[in-house]
Amino acid sequence: MERDDGGGGGLFFRGLQNRSHEKTKLRTRKSTLYLSPQKSTGRCGDLGENIYLVLFIIALRICNCFLVQTSFVPDEYWQSLEVAHRMVFNYGYLTWEWTERLRGYTYPLIFASIYKILHLLGKDSVHLLIWIPRLAQALLSAIADLRLYSLMKQLENQQVARWVFFCQLCSWFTWYCCTRTLTNTMETVLTIIALFYYPLEGSKSMNSVKYSSLVALAFIIRPTAVIPWIPLLFRHFWQEQRKLDLILHQFLPVGFVTLSLSLIIDRIFFGQWTLVQYNFLKFNVLQDLGSFYGSHPWHWYFSQGFPAVLGTHLPFFIHGCFLAPKRYRIFLVTVLWTLLVYSMLSHKEFRFIYPVLPFCMVFCGYSLNNLKTWKKPALSFLFLSNMLLALYTGLVHQRGTLDVMTNIQELSYNNTNVSSASVLMMMPCHSTPYYSHVHYPLPMRFLQCPPDLTGKTDYLVEADMFYLNPLKWLYMEFQNDSQLPTHLIMFSVLEEEISPFLISNNYERTAVFFHTHFPESRTGSHIYVYERKLKGKLNQR
């Protein structure tokens, strides 16, 4: 029996190890008596892993889903759930990206299908509309985790695979993102599963059609998903003996089918033929207009973004880069290439480099596998540091913008005067979800911020105009009392500045929600809900 160097894997991993060795014995004997893998190895169908491991990772990602109760970026609602809600229930807000056809309907269609099924079953409650899509994303992430583990078992051995698996599961950023309804999350899931079928030396699951289909699907969901795959595709093409056959009989048919599927889906919902992938790349890459939403120095990913995403895995990643076999250089090239390409774009975000995180976990796993004296302290350090950060960012930091939506839900469903209720969100645009988290056609308004596509030098969005002089904006916007909303939602930093308007129009604070310990200029530590008095009484709830 192989010695357990780490001691930190526990009975769970040792049980898996024993099963793996038992299978090796049977293979050596070439016995024909053991032809029932489901009985002898406890494998779970197409996933090809021990049933207990499958159940464990599914349970973990479900717990992960419910332990992430904070907001990250607006796109996880506005570019997925909000669009799906409009597709099924005929109300919901489409941002400017959809009028300009920069986004495709392929990804929202997944959630629209879920919404439609819930609607047909009469189970389309607001809570199910919020949580079922996230649980679906969690299950997809669990499948990706299993594929990464299976791949490393094929390429190396179970001992290396379990350390890569451990690093993947305890990564704070993976925990933070993998259950969110972001295109970046789906991009990462598809990248991992595609890597399982990619032709690597030692892989037993290589399949060019399957991996290229998954890459193509990732591309039509988020066109920049092709960036990490450029080095991998070139490597495959370079090493392939039948290059013409690879292109004509595999890549081109796969690309044609997936792109045609995307065109048909978008034709149905846009009402005209459009190639959203080209529009997306033109806006974000060729024209670099994403800088409207903020720009960073060229080195940001190397100096801040990548270290923050890796967190305490960073020293193990660096260590593993020196230890991993040469055949994994392509993974390192993929990571560096992706960072370099994204560094050339002005607008930078942590989530953009999420798809290369699994590649980094391979090197982190190698580092742990080669540690001897310090293995147990290293495991404890990695687990505790990542889980503390994961729980804080998942349960505490930036939770107010989701919590306040429960207040609006109550306003919609428990208010006898709901027909006269209305809401104005005086916050940076897209701070909160919208109708996907209310599921009622309540009149709501937020401060808009579409970018200038005409080239005006003095262009100001509504949100910027508001924050130049909030009090003046309110008095100019609501000169007639009949136009006043019944409810105002704002960050705490705004309250003092607009207090004359609140007092003169009989608004009273009715709810307070904690948001963050790190307030910024327009984002306060708390969110306030104000309700307008009518005839000496507060609006009834």
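Positions of Cβ are set from backbone N, Cα and C atoms, glycine also.
Annotated features in Swiss-Prot:
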- ASN18: N-linked glycosylation site (CARBOHYD)
- ASN417: N-linked glycosylation site (CARBOHYD)
- 53-73: transmembrane segment (TRANSMEM)
- 126-146: transmembrane segment (TRANSMEM)
- 182-202: transmembrane segment (TRANSMEM)
- 214-234: transmembrane segment (TRANSMEM)
- 245-265: transmembrane segment (TRANSMEM)
- 305-325: transmembrane segment (TRANSMEM)
- 330-350: transmembrane segment (TRANSMEM)
- 352-372: transmembrane segment (TRANSMEM)
- 377-397: transmembrane segment (TRANSMEM)
Intrachain neighbours beyond the transmembrane segment (245-265), with Cβ under 8 angstroms and 6 or more residues off its ends: 104-106, 109, 208-209, 212-213, 216-217, 219-220, 236-237, 273-277
Contact between the transmembrane segment (305-325) and the transmembrane segment (377-397) (3 or more Cβ pairs under 8 Å, separation 6+): yes
Intrachain neighbours beyond the transmembrane segment (53-73), with Cβ under 8 angstroms and 6 or more residues off its ends: 12, 16, 44, 47, 131, 134-135, 137-139, 141-142, 145-146, 149, 169, 175-180, 182, 349, 351, 391, 393-399, 401-402, 432-433
